[in-house]
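Trainee: Below is a structure I'd like to ask you about.
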Amino acid sequence: MKALDKAKILKAAIRGHGKMTLFDRFCAGDIDEHMDIFLDIHVTKDVVIRAGIAIFQNIYHAPGTTLGAIRYNMFSRKAAAGLIKPETLPPTEGAATQHSLRADLQTRDWMLLQSMSLDPSDYGWMMADSIPLHPVRKNSRKNVYYKAGKHTRYQVEDEASHLDEMPLMMSEEGFENDESDYHTLPRALVNQRQQGLGWFLLGCWKLWCSSCCGWLSYMCCRKKEAKARNVWLGCPEKCEEKYPKNAIKNQKYNIFTFIPGVLYQQFKLFLNLYFLVVALSQFVPSLKVGYLYTYWAPLGFVLAVTMIREAVDEVRRCRRDKEMNSQLYSKLTVQGKIQVRSCDIQVGDLIIVEKNQRIPADMIFLRTTEKTGACFIRTDQLDGETDWKLKVAVACTQRLPALGDLFSINAYVYAQKPQLDIHSFEGNFTRDDSDPSIHESLCIENTLWASTVVASGTVIGVVVYTGKETRSVLNTSHAKNKVGLLDLELNRLTKALFVAQVVLSVVMVAIQGFVGPWFRNLFRFTVIFSNIIPISLRVNLDMGKSAYSWMIMKDENIPGTVVRTSTIPEELGRVVYLLTDKTGTLTQNEMIFKRLHLGTVSYGTDTMDEIESHIVQSYAQVSEGSCPAAHISQPAAPKVRRSVGTRVYAAVKAIALCHNVTPVYEPGTGASTETENAEADQDFSDHNRNYQASSPDEVALVRWTESVGLTLVNRDLTSMQLKTPAGQILTFDILQIFPFTSESKRMGIIVREETTGDITFYMKGADVAMGTIVQYNDWLDEECGNMAREGLRTLVVARKSLSEEQYQDFESRYNQAKLSLHDRPLKVAAVVESLEREMELLCLTGVEDQLQAEVRPTLELLRNAGIKIWMLTGDKLETATCIAKSSHLVSRSQDIHIFRSVTNRGEAHLELNAFRRKHDCALVISGDALEVCLRYYEHEFVELACQCPAVVCCRCSPTQKAQIVMLLKQHTANRTCAIGDGGNDVSMIQAADCGIGIEGKEGKQASLAADFSITQFKHIGRLLMVHGRDSYKRSAALGQFVMHRGLIISTMQAVFSSIFYFAPVPLYQGFLMVGYATIYTMFPVFSLVLDCDVKPETALLYPELYKDLTKGRSLSFKTFLIWVLISIYQGGILMYGALLLFESEFVHVVAISFTALILTELLMVALTVRTWHWLMVLGEFLSLGCYVASLAFLHEYFDPAFITTPAFLWKVSLITLISCLPLYIIKYLKRRFSPPSYCKLTS
């Protein structure tokens, strides 16, 4: 579109004729997308367009600038009537600045209207002095003026509004936009009318109070903003600001906050707070209803156990932190090397890190002992990848003759402010003492992030980020105290019981007529009925969880399993979403070359010997002087059909050259360093060679070429050497390398063979990227599909021969593009693409990433159990998709929807609508697209994704993994479980309701941070299906039975008080109450932790049984009410029976009722048990024996003469029979006519 046409459209929009298509697109979308349309008519980002449509300016004030970046929101031609009155700038701008800004805007507006052939005098009302400037409202979440299918009178009607008219789900939530806010005209007018006395008295006061509160909260809660920095080499004292201390701290408490912190964590739960208040009330004489030890002993026991457990965990964390912070490193100073602790390292220090030593802080790589000027580092604890990464030293400092020369130069590093992204870095290295000054750009290849490990050589770096500003700390979330869903459910039930307790106490006092000291009686009744909420509930549950944890660790079928958080084992039985890492979790991260396809012939693992024979034969001909591929070396040679041997030779040679792999030689035993370095170029022995690369696929390809006879023996930054089957060394000069990126999906290399001088451009990549680059063929798409269905990772290999003139022309254009200051990536890509035309297709390779043992049956087991599995990985999209297919995470019958890359709100809207039309398909989405969707359509995206049978998120950062877990918890209210094995999975594991770590090749960081640690992925099946089921079922039964035990005795107390004139006198006192909750009933009740409804084999054979657990039917208000009714029935029978049958003395009532109560509890345990264990039987008889033995000593409560009479025995037996027999009959009838699902399977 020409500039004149653009001006006409703008002019038409100003005059209000026709639809404002161009402007509305500009207003509805991001300003950066459409700004190029207005550049030719003198409208830039710092000019406010005033042309008949009202403009609100959302102003962000950046430090050091006058106005900052101005973003725009335009609306409705209705505002063109001049309804907006002049207003001042926000108070943050001074008067002089306002005047200068308005003058600048007025001048630019005048020029704009003149350039469009308009009379500025006709539009004087639109000058800068009349334009209101509104600051953005920071916390805006939803735009109420964009409703699906609805338009307000002030909404723009344009062609771009079709996005709002398209419903994005069944709901009409509208768009969520965090970046802009829409101020409407009526609201602006109303605000102007409020400037009166009433507004001053009410609104002004309210505004003043809110401003003061906001200022106070800001001052108290503000965090120091991280900034970019200049770091002088070896001069920490030159730092402009004070930076965080480089100390690792995982402790939750210190010596002063331990006791208050633990007490707060305990008493913030309603249950414990209630017990504390009841126990404190017994210090008041008028409220005392029993002995102090009956209330303080159980509470003190609970707090003591909790504090001891927390203290042990805190000591362990302290020891680990102290060990990490005390590691010694060599610091380079003017006087030489000194030893410093890791926690004492500062920004600007020059630190020397030896091989296999952890990097203590984020550094810029200055020098290395490797002569290539590069080194390898291991990043498994940062990004979860076990492959080594190649890092390059700053060229200026690497060229210095000696290490001490770093202090003889005047240089500094400019580093951007601390970022979350571990895959990018922007900075500059500047040396001022040279003429001219040396400037060198820094990128991710020049960085050494903390928590990585040096794998080769010794490195020297300057520290740029320390402590909490390092990438590893920024991507790690702090551990939080996890509370299980069952604990929350029990907490709600205890609140309901408390309400019932208070109501019952009020009823007792009300029936008395509120006479006398009724308030004191009310509190005494509340204390008397405190058994409704038994304190033994917390004790029994905690001991039960410890027992479950012990059983998990002692299970011989899952050896090596460790329970690190013993408070949430029942969470394993409630999992709905399982979020898993890929590398090292589902896969072993060991690539094996499986297939080579040449178009007409295919080679598998059983025919690799044929390839080896072709290679031996081809290089034998080369040594004789007749190269089998000589006729295709020249670019102008005519096309002829080549033999199979020639094609195999060309394919293997291309695979051996087109990569970024470096051979590493381990030193021999007893050899000195000098000898190793001296012989490194000559001795290429196979026994101590190891390959390192950023991709395991490339290592697998190079290992395969070695197995067929062509071996990579040496590589540096400028050349590589191959060894033929005959032992001859071939040298190739590396002219250019084009690394793999997620956007290009391919990598290339240009090499020159030293002997012949031939220049060849090799390229390999994904089929979607290479399909349009290679020459026409009729087999590539079909074979790629066949290999993908087998779960193989495919790579297409091609080549192109270049003449010297062609390469020189390309090199000049390529170097010129790299020096460009504007759009450098686009220009470089365009130059490279000029070579990527009509390339010769050589072969198609298939590599298999070996899965962990029994991954496929385990995933199938979990799917059948109703668990939805999401795979979150930092790997590229193609790799993640292949693993999802090969592991059967996505079944063969399911379609896969690959969510295309989106960059703005409009694209995300359209793509989500396209995805909404798909049914029963797996979703594959990249981290960048996910971030855009969550920014604008968080609720809609999660709702759509949760309907998918499987979701694969690739290129996810550690923070994004944790964010996905939090979204699922917030939007679905279901329990999540995260499993991973690397340091990059720690945030995800800690964010999930239940975190599982695998102790594997990537270290122990995930294992130590997880709630449960296993050794293999297949163990998760038994962990969830068997132990998760048992823990949840047992805890639910135990919790409800303990509450029943308190409810039944409280019912008896209520009946007793109602008969004896509603007097607040306890029925049982002293040791009877303590013994009832401990030795008389504790062993049988606690034996419920051994109960089991189905055998482990049945639970694994029928995983569908797990679905019932996620519905929470074992512990619900329905089951709770059933137990309440049982308690009321049994309590009433026991108390009324004892009152009817007692004889002359009141002590007989206590003896009969309490004995019947103990027998009833023992029989109820037997009624609840589903699978008997010998310890259960022992517990029953042990408790009964303890009670019978105590009768001989408790003369205060029992009459020895009465309890030995037959009358006592038959009365107790009759009451117990009446209280329990109906329940046994009901249970039999229920199992007979409506058995549970597990009974059907076991029968």
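Each Cβ is built from the backbone N, Cα and C atoms, and glycine gets one as well.
Pasting the feature list from TrEMBL:
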TRANSMEM  197-219  transmembrane segment
DOMAIN    239-296  domain 'P-type ATPase N-terminal'
TRANSMEM  269-287  transmembrane segment
TRANSMEM  293-312  transmembrane segment
TRANSMEM  496-516  transmembrane segment
BINDING   ASP581, THR583, ASP981, ASP985  Mg(2+) binding site
BINDING   ASP581, LYS582, THR583, GLU698, PHE740, LYS764, ARG793, THR873, GLY874, ASP875, ARG955, LYS961, ASN984, ASP985  ATP binding site
ACT_SITE  ASP581  active site, 4-aspartylphosphate intermediate
TRANSMEM  1068-1090  transmembrane segment
TRANSMEM  1120-1140  transmembrane segment
TRANSMEM  1146-1167  transmembrane segment
TRANSMEM  1174-1195  transmembrane segment
TRANSMEM  1207-1226  transmembrane segment
Trainee: Where, among 269-287, 1068-1090, 1120-1140, 1174-1195, 1207-1226, do we find the most CB pairs under 8 A to the transmembrane segment (1146-1167)?
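Mentor: Answer is 1207-1226, with the largest number of Cβ pairs below 8 Å.
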Trainee: Spatially, and counting Cα to Cα, which of the binding-site residues is closest to ASP985 (Mg(2+) binding site)? Options: PHE740, ARG793, GLY874, ARG955.
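Mentor: For ASP985 (Mg(2+) binding site), the spatially nearest of the binding-site residues is GLY874.
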Trainee: Between ARG955 (ATP binding site) and THR583 (Mg(2+) binding site), what C-alpha distance do you get in Å?
Mentor: 12
Trainee: Which one of these stretches, 496-516, 1068-1090, 1120-1140, 1207-1226, has the most C-beta pairs shorter than 8 Å to the transmembrane segment (1174-1195)?
Mentor: 1068-1090
Trainee: So how many other Cβ atoms are close to ARG955 (ATP binding site), meaning within 10 Å of its Cβ?
Mentor: 19
Trainee: Taking DSSP states H, G and I as helix and E and B as strand, how many residues of the domain 'P-type ATPase N-terminal' (239-296) are helix, strand and coil?
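Mentor: Within the domain 'P-type ATPase N-terminal' (239-296) the tally stands at 29 helix, 0 strand, 29 coil.
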Trainee: From the Cα of GLY874 (ATP binding site) across to the Cα of ASP981 (Mg(2+) binding site), what is the distance in angstrom?
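Mentor: ASP981 (Mg(2+) binding site) to GLY874 (ATP binding site), Cα-Cα distance: 13 Å.
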Trainee: Around PHE740 (ATP binding site), which residues of its chain at least 6 apart sit with Cβ under 8 Å of its Cβ?
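Mentor: Spatial neighbours, sequence-distant, of PHE740 (ATP binding site): ASN660, SER695, ARG746, MET747, GLY765.
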Trainee: What is the average pLDDT across the domain 'P-type ATPase N-terminal' (239-296)?
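Mentor: For the domain 'P-type ATPase N-terminal' (239-296), the model's average pLDDT rounds to 83.
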Trainee: Measure from the CA atom of THR583 (Mg(2+) binding site) to the CA atom of GLY874 (ATP binding site) and give the result in Å, rounded to a whole number.
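Mentor: Cα-Cα, rounded: 9 Å.
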Trainee: Which whole-number value in Å describes the distance between the Cα atoms of ASP581 (Mg(2+) binding site) and ASN984 (ATP binding site)?
Mentor: 9
Trainee: Mind telling me which of the binding-site residues THR583, ASP981 has the densest Cβ neighbourhood, counting other Cβ atoms within 10 Å?
Mentor: ASP981
Trainee: In Å, rounded, how far does the Cα of ASN984 (ATP binding site) sit from the Cα of THR583 (Mg(2+) binding site)?
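Mentor: Rounded to a whole number, the Cα-Cα distance is 11 Å.
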Trainee: Do you know which of the binding-site residues ASP581, ASP985 has the most other C-beta atoms within 10 angstroms of its C-beta?
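Mentor: Going through ASP581, ASP985 one by one, the largest Cβ count within 10 Å is at ASP985.
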Trainee: Between ARG793 (ATP binding site) and THR583 (Mg(2+) binding site), what C-alpha distance do you get in Å?
Mentor: 14
